[in-house]
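Inspection log for the structure reproduced underneath, given as structure tokens.
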Amino acid sequence: WGRNQNGQLGLGSTEDSLVPQKIQAFQGISIKMVAAGAEHTAAVSEEGALYGWGWGRYGNLGLGDRNDRLVPEKVSTLNGEKMNMVACGWRHTISVSDTGRLYTYGWSKYGQLGHGDFEDHLVPHKVESLADSFIKQIAGGWRHTMALTSDGKLYGWGWNKKVVQVSCGWRHTLAITEEKNVFSWGRGTNGQLGHGESTDRLVVDQVVTISVLIIRNVPKIIEALSVDGSSGQQIESSKLDPLSGKTWVSPTERYAIVPDESGQSVHSGKGNGGDVSVPENDVKRIRIKAYKLRGVCKVSVLLLVFITTIIM
């Protein structure tokens with residue numbers, strides 16, 4: 001039941017269904033596992049047969065062509081191997097045989113099939129790099145794939161963020177991706193990670209408060225400095241190469257947004273050095289605008305970029 005634009009329900013039509021309907025093509029066939037992609041579906045029977053139906057533009061049905069199927073069809077190119085499990089990515093499919101061998105097929109623009117190329121595969125192909133491993137669990141994402149072996153090793157492949165610049169402070173790290181997003185991790189007791197956090201806490205997979213310090217052991221995007229940040233803004237790095245156009249950010253620069261109590265910009269009557277805590281020759285002021293976000297009034301603020309050696 002549900003959306004059926006490409007026949008992914010396997011009911012023989014492209015009509016949506018608001019209630020569950022029995023798939024007649026499986027009459028008399030016992031199904032032990034089913035998986036759903038964006039608009040295609042795959043299943044494995046108790047006898048180890050593999051089936052595909054729905055959207056097939058990228059060969060993700062494993063039937064040797066790019067055509068859609070309105071009803072389930074059996075995948076016949078498995079060299080006699082019986083399948084034990086199946087999983088679907090957005091446009092690709094992953095299956096595992098009874099012997100623990102891994103097969104993938106469909107869309108491979110980002111290498112998510114694991115065959116060492118970016119070519120679509122219209123029928124299941126064994127992933128040779130894992131031929132000596134017994135695959136115990138599989139999962140498919142939008143552009144990537146994960147597999148867990150019987151001895152507890154986890155493998156991943158496909159789309160990943162490409163880092164083009166990295167810089168380290170005393171106890172924290174910053175990285176810029178090809179998409180011009182900035183990530184940081186490590187110690188953050190003085191807000192040097194740029195996530196708006198200054199309380200003492202340890203961040204692992206979720207926030208747990210303890211009385212020590214802020215540590216991120218996984219990278220997190222710095223919203224205000226990234227193209228894909230939720231605020232919809234990007235603050236240009238102070239490190240801009242006018243010849244190459246490349247930018248980078250160094251942890252030796254400290255950022256602070258300083259509005260006054262009225263919510264207005266802090267104005268200085270003496271050049272660049274109006275703040276008592278910042279020497280005139282030790283700060284660069286960049287005027288930016290903070291847009292209304294979650295009920296916060298629109299304000300103009302000053303971005304203070306301290307170019308002194310980082311304190312922590």
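Cβ coordinates are placed from backbone N, Cα and C, and glycine is handled just like the others.
Annotated features in TrEMBL:
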REPEAT    1-47  repeat 'RCC1'
REPEAT    48-99  repeat 'RCC1'
REPEAT    100-151  repeat 'RCC1'
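Across the repeat 'RCC1' (48-99), mean pLDDT in this model comes to 96.
Per DSSP, the secondary structure of the repeat 'RCC1' (100-151) breaks down as 3 helix, 23 strand, 26 coil. Note: the repeat 'RCC1' (1-47) comprises 3 helix, 14 strand, 30 coil (DSSP; helix = H, G, I, strand = E, B).
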